[in-house]
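Participant: Before we start, here is the structure in question, set down as structure tokens.
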Amino acid sequence: MSDALVIGVLALQGDVREHLVALAAAGAAARPVRRPEELAEVDGLVLPGGESTTISKLATLFGLMEPLRARVADGLPVYGTCAGMILLADKILDPRSGQETIGGIDMIVRRNAFGRQNESFEAALDIEGVDGDPVEGVFIRAPWVESVGAAARVLAEHEGHIVAVRQGNALATSFHPELTGDHRVHGLFADMVRASRTRGSL
Ligand SMILES: NC(=O)CC[C@H](N)C(=O)O
């Protein structure tokens, strides 16, 4: 494997390109992931925003669901935004019938909890692990986290609702930092990937 930090973006549906740009700005070699062979080559993976039911159906169709579960269970650093957060939840409160998740974070997520598309909003958030000014969070039909298990750490809340969580190598946010040009959250994730790779090579 090369020295560059390779971070993939699951590219089945959703705002893939914006994450590729944000990851490159955070110093990673960013590439789309559509096939199991591509998944095998990355040091970390972003699950983008989009429609979680569509992404999960396509992941099953493309033969990616089981490899994704296996790699995440094996400690692959992974970052899910919005629909990606839903995919990382061990449990969804209101799943569509047949909706599956990858899992990885012991949390219960409520889909569309912050309302519909036309109720989208931005909010300034203090996020543990991100220094400096608050991060401008963009919420689009966003989920929130109803509750987390003992192993999961809450990194940010908005109006009393949990909107950022980390458990081990898995990070999830209800909002979309890839849409603002502020790449500090992607930088936090790149640091997680770097740390995990260093540990792995010791
Ligand atoms: N912006 C988003 O990713 C929306 C997520 C969408 N509401 C879902 O359930 O997947």
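Every residue gets a Cβ built from N, Cα and C, even glycine.
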Participant: Check TrEMBL: it lists G50, E51, S52, I140, R141 as binding L-glutamine. Then name which of R31, R71, R111, R166 it lists for that same site.
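Facilitator: Only hit among R31, R71, R111, R166 in TrEMBL's L-glutamine site, alongside G50, E51, S52, I140, R141: R111.
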Participant: Rounded to the nearest Å, what's the C-alpha distance separating C82 (active site, nucleophile) and R111 (L-glutamine binding site)? Just drop the number here, would you?
Facilitator: 9
Participant: May I ask for the distance between H176 (active site, charge relay system) and S52 (L-glutamine binding site), taken between their Cα atoms and rounded to an integer number of Å?
Facilitator: 14
Participant: Near ligand 1, which of the recorded positions E51, R111, E178 have CB less than 6 Å from any of its atoms?
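Facilitator: Checking each Cβ against ligand 1, the ones under 6 Å are E51, R111.
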